[in-house]
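To start, the structure under review is shown below, and the notes come after it.
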């Protein structure tokens, strides 16, 4: 009689096999999701007061970047910053310096490709 049961797996072995199959399938599902870049988002920020409207996190899809705009008033020296995600279709204007339509203001744009690279502790501006 013992030989008859030697070929059949025990209940615990069957459960382990099922659990292993489920875990392998779950890991394959998670591998298929693209990795999003996490960026700092603040729509109105000054160096003196920080983020005025509250900050949060945005997710940039693969091939996209984090971005910070610096709007500089050349006469008063006050700076306003906007930080957000930049989709790959919009990355043509990632690094530029141009005058604003408003006299005396300049706009500097900078993109970066690391996690939270545009948050206040990590960002560096190269301003002429």
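Note: Cβ is positioned from N, Cα and C throughout, glycine not excepted.
What Swiss-Prot records for 1-29 is signal peptide.
What Swiss-Prot records for 37-128 is domain 'UPAR/Ly6'.
The annotation disulfide bond is assigned in Swiss-Prot to 39-66 (among others). Around the Cβ of residue 39 (disulfide bond), a 10 Å sphere holds 27 further Cβ atoms from the protein chains shown.
Secondary structure from DSSP puts residue 42 (disulfide bond) in a beta strand. Taken from Swiss-Prot, the feature disulfide bond applies to 42-51 (among others), supported by similarity to another entry.
The feature disulfide bond is assigned by Swiss-Prot to 58-85 (among others), with similarity to another entry given as support. Neighbour list (residue 58 (disulfide bond), Cβ cut-off 8 Å, at least 6 residues apart, same chain): 38, 39, 41, 84, 85.
Annotation source Swiss-Prot lists N-linked glycosylation site at 73. In sequence order, 79, 104, 105 constitute the residues six or more apart from residue 73 (N-linked glycosylation site) in its chain with CB-CB distances below 8 Å.
Marked as disulfide bond by Swiss-Prot: 94-111 (among others). Sequence-distant neighbours of residue 94 (disulfide bond) (same chain, 6+ residues apart, CB-CB distance under 8 A): 65, 67, 86, 109, 110, 111.
Look at Swiss-Prot and you will find 112-117 (among others) tagged as disulfide bond, backed by similarity to another entry. Taken residue by residue with DSSP, residue 112 (disulfide bond) is part of a strand. Within its own chain, residue 112 (disulfide bond) has 65, 66, 67, 118, 123 as residues 6 or more apart in sequence whose C-beta sits under 8 angstroms from its own.
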